[in-house]
């Protein structure tokens, strides 16, 4: 189940970013489940990672390696998260890095490891090591769809997005792939995003771009409120496009590249929501009129996480009372119900603390019957605004998550 | 669907608290859906109410009436919550109070109104007024089971509990009924609780008792994280038992009565969880070793609200990785994963940041196959403790909440 139709786009090759895939048999035999990115020597990488205190071994190692050496390789496996695996998990992830480094003629700290899948099972290091030659043999700059497929877990479709932008007379390309599905919540969910560009960017500027872009995209989506131990969004810049190196974060070139990366990340984030586990609706929760960003977010999360609202969305039931109840318990101090308005798409449903007099059930039903629903809440007490994207809660969500390990 | 077996107990009459029920046809024809408590003249009442900013008209009126006059009557309807009904909702609730007051020879402010059911629909005042004579005609001190049935919404069974306690040589009785099911979360959910005792208690002391008892019982349960607009727990004390009036909140008599009320409320709260919408498991989340109560609660709620954990519970899947992930994203500052231990009942599953070496899947499976599961989390960084009761997330929960209005 998934909302809408997102065919995988035509993605141009990015010079200086080669991709290899292989089937290590971690989850199912014959399915590509290991992915290798090889980044040109003169390139660099930057990333943002989960804030989960139980972050997985590969996340810790990514942070360390990004700070220590210029990144040359990213190695990603699906099927096993190498999370909550203690000291052995760290040893295992480093073993994989070391094997990739050896095969690629690099230092271990030039390799970033990523894992997604079941938590708490030992990483099958031997299986991954065994396919490293195949990964290197299959390196190609055109392998984007294969890459997107190799990182899928409960995703029903591969996710990719691409943009081109002119930077000081040079055409620069930005590609991205992601995986998501369950355990999706801001601050990086069981979400992996890999972005690549051929632009020349200094590492500090690249870090600024990925932080801002992720904040406006991946950190705005929530499916079940669970923030995973493994989330990561990494960007690679190969410096092959020939643009003057971007280093000034106040420059037009920086803004242009950031905009393109944000668009790619937003598209990928929305694809993750649309392909959320069991999703039948794509829901935008847009809260305006707040006295602070914090209170807007509180309301947006209360609405986006309410199982009662999510089941009503699944049922296409314009049960606006549940929306109002969620606004009421979100924890906004001294909220005056009479200043709050709520629209479902363009239909005014709540005003003056109750149902809008103009509202009819038929109007609400018409909105809810669609698969793209906007819940627009104005708190009427300030100028702040926050926005989230989420899904409904269906039988299928329960089935997927009740069956995941079986 | 519901966990365990809770036959309605034998509940003794409480002298000075009479109960009438009637079928007003609010939801289904022929089913009792209106309830009247009539409290002896010398008695008093006290209560705690939802903190939802969109609290329903009856909640606002209860607060006002409790502060203004000695309570004589409680009138409760199921099937319609009279919530988010604006100024008309207030007029409607007061109209019902006034009609009860007229029939009972009291002031309007001596009547407390309660409503539970669908949000946002106008209260069918005429239907309720029409059965007021029947409510008064049926007043009996023995009507407890009928009362418990009259307030049910999606509950599958009536909920009642009773205790007797000796207070200064006098046997005092405490009875309670409740309704719950969905939209259950601390600070009073779509939860109504009515407690009655024949003890003589001053109103201020009675308020202290209900606040403390609710804090240890109804405010410890969470099914879906949604706090309703209508929650209320009210206690009536008829002063018919003949005990010396309890006024000193440091007295042994106060403690004894509070203990009995807390036990009744705890039993009722646990019955609400066991009868949670679609519940197949009764789950205790017990967090110890916190540096503060606040961080213990954060962890307990993160675990109790995680849809991934709740679906794993439904599947009887010992997916402890999801528990660890929830602890990790709960927002405990500087949490050191290596000090955290997690038990499922008496089975140690997590230690030193990973799966306990002694743990076997068979052990976890044995615990999860039962319908009473304890998740015991020790943060290993202090002496604070907090505890919640919750349920799993099943297909049935989705079905009930997707169909509620149809």
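The backbone N, Cα and C atoms fix where each Cβ goes, and this holds for glycine too.
Annotations in TrEMBL come from automatic prediction, not curation.
The feature substrate binding site is assigned by TrEMBL to B:153, B:179, B:190, B:277, B:401, B:406.
Annotation comment: TrEMBL describes B:190 as active site, nucleophile. With a 10 A radius on its CB, residue B:190 (substrate binding site) counts 29 other CB atoms from all the protein chains. Secondary structure from DSSP puts residue B:190 (substrate binding site) in coil.
Each of the binding-site residues B:153, B:179, B:190, B:277, B:401 was checked for a CB under 8 angstroms from a CB of chain A; the ones meeting this are B:401.
DSSP assigns residue B:179 (substrate binding site) to a strand in the three-state reduction. Fewest other C-beta atoms within 10 angstroms, among the binding-site residues B:153, B:179, B:277, B:401, are seen around B:153.
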